[in-house]
Amino acid sequence: MGEDKYRDEVAIISIPSRSQRYNDDHMVALEVEVPETLHQVGTDSWFQVGVVLSTGINSAYALGYAGTIMVPLGWTGGVIGLVLSTVISLYASTLIAKIHEYGGKRHIRYRDLAGFMYGRTAYVIVWASQYANLFLINIGFIILGGQALKAFYHLFRDDDHMKLAYFIAIAGLACVLFAIAVPTLSSLRIWLVISSVFSLIYLTIAFALALKDGINAPPRDYSIPGSKINRVFTTAGAAANIVFVFNTGMIPEIQATVRAPVVDNMLKALYFQFTLGAVPVHAVTYVGYWAYGSSSSSYLLNNVSGPVWVKALANISAFLQAIIALHIFASPTYEFLDTKYGIKGSAVAVRNLAFRTLVRGGYLVATTFLSALLPFLGDFMSLTGAISSIPLTFILPNHMYLIAMKKQLSSLQRSWHLLNVVLFSVISAAALVAAFRLIAVDSKTYNAFADL
């Protein structure tokens, strides 16, 4: 009854359009409902979507994994963890992609798919979890932008006049201007090329300078820091951080932009992301840890040595790429607000520009304020990973696929998906405990608006 009531509510508030789905066996075009949205649906090639996904995993966050993942896990745990995360994340992402048109309806939002399958309560829970997850990721992007800008500044000025909070404010302003200028996720287009160039610049420079430092440096210390009990909790926290490397928590929203055949093209995009797209993040993480060992920073460009102009180019590229990457992860929020308030027509219409300035600007001002207030998010990222990223990325896809395909699955396959649900639920619970402990420990030395 709850599920029927939820579907009735959706029918009342939605004016569905139509798209085409293809039967793989007979290549017959079938009509599939598309929920109402004022953003573009089904317009992008699989390659463009693959670049969007790769942009997310090769963002400025990639400069921190040597310090936030490899240091607490060491060589064995870090490499195995990242490789397993790559494989398992690809598997889980393909599960959610394959049920994009479950029930003859194109589910362009994660919450819509959850509501269609489980009912209204699941719709609300998934919505809250996803938006909390994306909000914290966006806080991280603004912090990363501020850190990159601060590192750029200190290459030329060795003073303490400009605090991290000031640079975070500048990064936030840049994000506001970009959000006003670019109305939708599909509108990124040329910006994706620019973003890829920026990523290539800072990842190549970080890789090359770290490799040089590693060749010339004395033997490094690769021991895992902390006492035995601390290592247990930092390991669990790092496991939650690994989830952030390859997962967006918004596969249905990104898949909404891809052209028909929707499932086949999305799978191509995912294969691109987890093969060619994953090479840079693995390379810079391993080389960074090899070069600096347990002293690896959460922002690798703070470790490297080299010509000032080269480091300046890397830092400014990281700053600019963080702005573009944030727009990708903020797009579900923008889509919800634009659709709710009927923002349609020309992107440069006065009403639309004013709306984006006030509403998106307000959202990003709040994000920027919290970024400056809490300029270290390692512990909070672990908390978010435990509460929302692991459930959205691993638990729900396995259970949803089990429900959607139960008639086609053998008993062994059903058992496999149930095992994944249980296993990742246990990992999520352990990461949650670890995150709370890490926050409690670090809160003793926490300073608001810290200049880190």
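Just so it is clear, glycine is given a Cβ too, placed from its N, Cα and C backbone atoms.
Unlike curated entries, TrEMBL annotations are predicted automatically.
For the ranges 73-92, 133-152, 233-252, the feature annotated in TrEMBL as transmembrane segment maps to 73-92. At the 8 Å Cβ threshold, with sequence separation of at least 6, the transmembrane segment (312-337) lacks contact with the transmembrane segment (416-439), having fewer than 3 such pairs.
Same-chain residues lying 6+ beyond the ends of the transmembrane segment (188-211) with a Cβ under 8 Å from its Cβ atoms: 48, 51-52, 54-55, 58-60, 62-63, 182, 280-281, 283-284, 287-288, 290-292, 300-301, 303-306, 310-311, 313-315, 317-318, 320-321, 324-325, 327-328.
Long-range contacts of the transmembrane segment (383-404) within its own chain (CB-CB distance under 8 A, at least 6 residues past either end) are made by residues 88-89, 92-93, 95-96, 98-99, 102, 110, 113-114, 117, 126, 129-130, 132-133, 136-137, 240-241, 243-244, 247, 249, 414, 417-418, 420-421, 424-425, 427-429, 431-432, 434-436, 439.
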